[in-house]
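**Student:** Relevant sequence annotations retrieved from TrEMBL are reproduced here:
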- 2-277: domain 'Aspartate/glutamate/uridylate kinase' (DOMAIN)
- Thr220, Asp221, Arg231: ATP binding site (BINDING)
- 314-355: domain 'Aspartokinase ACT' (DOMAIN)
- 380-437: domain 'Aspartokinase ACT' (DOMAIN)
Amino acid sequence: MQVWKFGGTSVGKPERMHSIRELLNNDPSRKIVVLSALSGSTNALIAIGEAAKAFDEAQASSLIEDLKTHYNLFIKELYATSEGLEKGQEIVDTEFGFIKSLVGIKPFTIKQEKELVAEGEILSTKMFQAYLEEKGENSVLLPALDFMRIDADGEPELATIEEKLVTILNQYTDRQTIITQGFICRNPREEVDNLKRGGSDYTASLIGGAIRADEIQIWTDIDGMHNNDPRIVKRTFPIRELTFEEAAELAYFGAKILHPSTITPAKLRGVPVRLKNTMQPDAPGTLIANQTSDRDIKAIAAKDNITAIYIHSTRMLNAYGFLRRVFEIFEKYKTPVDMITTSEVSVSVTIDNSENLDKITADLREFADLEEHDRDQNIICIVGNFSADKEGIALKVLDAMKNIPIRMISYGASEHNLSLLIHSKYKAEALNVLNERLFYYEDAMKDIFTAP
Ligand code: ADP
Ligand code: ASP
Ligand code: MG
């Protein structure tokens, strides 16, 4: 069995849903199909929630009407028969009725907000299942809320998910296509919750791991993981193969094509992940698995909104125990540390969740001196095969960065990652110069040598 996930743009137009049906039918394997909300829908639902929170009823109603109009037009092109359209209309009317009722409850709580944003995936999957039914396909829709579970920290409960999912799937062994929602889940209070923005990738991987799928395919709007951010850098290209470790680093450090946690469940069970382009299904895409290919430097990614904290020990020397005390504070506030650099008496760390920054710095000041922290920093992460015997990698990276101020460098923690901390105003320049120096070295040299 395979798990195929289609993202927002891949379901964002009626003709794209038609193409998904063709893609499914062109491949004989049984599949669990995970769908995102139609592109733009989650953002629109969040905006509706914001209006409701601000008690702006007129704005909330007008946004709901706009979104409903979009869905009304969508179903007109999605279905070919009057029965199909009738079913589609019933889905849209029911879900929008629910959306209106949610927004009407005052005050508008986080619980309602989560139920509201879940409607994007609930609509897309119901509409797609009704389309497959119209075409007489052998499919069924399984609500993700029946098996996707997170714990109090928002982390998926792997054992529970597996147990529930396997039990449910046993009832549908006769179905060729099993559809479910990405992104949404239930929390320990049994309320509707989600796996955070972009979470449908994570759903696919959690399902793929739970059922030990043959393969997880993430279908999106680009032909695989590129070597650099295609939204910022001009000359990027798809990477054919990545190891789980390399892909995990890229996703965690900002390659938006994958939710940061996507790789973990797949890697745990050794299930290969293939990134494919819905608009170009014949393109090979990227295969993420155990194998390595020889290229030293594979890709670059950038993680935004980083805060750097600079901590100095108040005792001068032999301050063993200092690091433990520092990290206990981050643990206390459940704040992951991304980069660390140390000297004899100082340690600098970066975090991307600055929700508890004030509390963290106040606690640190009880036993350490702090320099003013820097917000608006960026981690540039260079990923590849940097095993200990490889030489010259840091030289190439630092040479490319020679005109950009670097605040921190981290190298050697894993064999796959070299990270640099810079101010975010240099992000685009850093990604571009690194791209030219690391992937188009010969071109860069040619320019130098042929320059007048
Ligand atoms: P989906 O809606 O299918 O989940 P996303 O928008 O979340 O799609 O992710 C795909 C987008 O990720 C691409 O359109 C591209 O602009 C962006 N992206 C950022 N970094 C990379 C990268 N290194 N390789 C490929 N795409 C990337
Ligand atoms: N619809 C959700 C979002 O926009 C989840 C996803 O698309 O992966 O974040
Ligand atoms: Mg996505």
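Using N, Cα and C of the backbone, Cβ positions are placed for all residues, glycine too.
All annotation found in TrEMBL is predicted automatically rather than curated by experts.
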**Student:** What residues in the same chain, six or more past the boundaries of the domain 'Aspartokinase ACT' (314-355), come closer than 8 Å to it by Cβ-Cβ distance?
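**Tutor:** Beyond its ends, the domain 'Aspartokinase ACT' (314-355) has Cβ neighbours at 153, 253, 303, 305-308, 363-364, 367-369, 375, 377, 379, 408-410, 419, 421.
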**Student:** Can you give me the residues near the recorded ATP site, meaning same chain, not Thr220, Asp221, Arg231 themselves, Cβ no more than 8 Å from the center of the site's Cβ atoms?
**Tutor:** Gly7, Thr9, Ile222, Pro230, Lys256, Ile257
**Student:** In sequence order, which same-chain residues at least six apart have a C-beta under 8 angstroms from Thr220 (ATP binding site)?
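**Tutor:** Gly7, Thr9, Ser10, Ile257, Leu275, Lys276, Asn277, Thr278 - these are the non-local Cβ neighbours of Thr220 (ATP binding site), listed in sequence order.
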**Student:** Taking DSSP three-state, what's Asp221 (ATP binding site) in: helix, strand or coil?
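**Tutor:** It is coil.
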**Student:** Report the DSSP secondary-structure composition of the domain 'Aspartokinase ACT' (314-355) as helix, strand and coil residue counts.
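**Tutor:** Reading the DSSP string over the domain 'Aspartokinase ACT' (314-355) gives 11 helix, 12 strand, 19 coil.
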**Student:** 10 Å Cβ neighbour count around Asp221 (ATP binding site)?
**Tutor:** 16
**Student:** From the DSSP assignment alone, can you count helix, strand and coil residues within the domain 'Aspartokinase ACT' (380-437)?
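**Tutor:** Secondary-structure composition of the domain 'Aspartokinase ACT' (380-437): 22 helix, 16 strand, 20 coil.
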**Student:** Among all the protein chains here, how many other CB atoms are within 10 A of the CB of Arg231 (ATP binding site)?
**Tutor:** 10
**Student:** On the 0 to 100 pLDDT scale, where does the domain 'Aspartokinase ACT' (380-437) sit on average?
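**Tutor:** 93, rounded to a whole number.
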